[in-house]
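First up is the structure itself, then whatever we jot down about it.
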Amino acid sequence: MRPWLLACLVACFVGAWAPAIHAQGAFEDCCLAYHSHIKWRLLRRAHSYQRQDVSGSCNLPAVIFFFPQKDKMVCGKPGAKWVQFGMKILDNRNKKDSKPHHSGRRFFQGPQSGVRKLSSGTSRPLLLKFSGPTRSSKRKASLLTTAIPGP
């Protein structure tokens, strides 16, 4: 057999085999187990959620709650009461954030639009100070990583 013919056969075999291997090894970020229950204090810190359907390597229907600290996520059973409550909280929060706020006051467009003067002195924008993670919040965040296997 000629070497170029062997090289063509190997190339065809690798070309046909590589997509199948790539599809099997594709990384899907999905839940493989449910969390039993998450306290309301932790659940209200979630910034979004996503429904997971059964497809591909994700063989468990779930609701995934995403938390801002260190890309944490919590998987819940869609029928659980705490999951329904969390979805309702986030839906209401997103609905409230997306709705434009109208008031009876008229603001003028200018370099300081949106800043109201509170006193006769100079006005300063309100600054909020955020503290770093505390020891107890790290402990609570570590509780989010434990899960109970689904049915």
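Backbone N, Cα and C atoms are what each Cβ position is placed from, and that goes for glycine too.
For C58 (disulfide bond), other Cβ atoms within 10 Å of its Cβ number 15. Here Swiss-Prot flags C30-C58 (among others) as disulfide bond, drawing on similarity to another entry.
Residue environment of C75 (disulfide bond) contains 20 other Cβ atoms, counted within 10 Å of its Cβ in all protein chains. The disulfide bond annotation in Swiss-Prot covers C31-C75 (among others) and rests on similarity to another entry.
Positions annotated as region 'Disordered' by Swiss-Prot: 93-151.
For 1-23, the entry in Swiss-Prot reads signal peptide, with the evidence type sequence analysis.
Residue pair C31 (disulfide bond) / C58 (disulfide bond) shows a Cα separation of 7 Å. Non-local contacts of C30 (disulfide bond) by the CB criterion (under 8 A, 6+ apart in sequence, same chain) comprise Q52, S57, C58, L60, A62. Under DSSP, C58 (disulfide bond) is assigned to a strand (E or B) in the three-state scheme.
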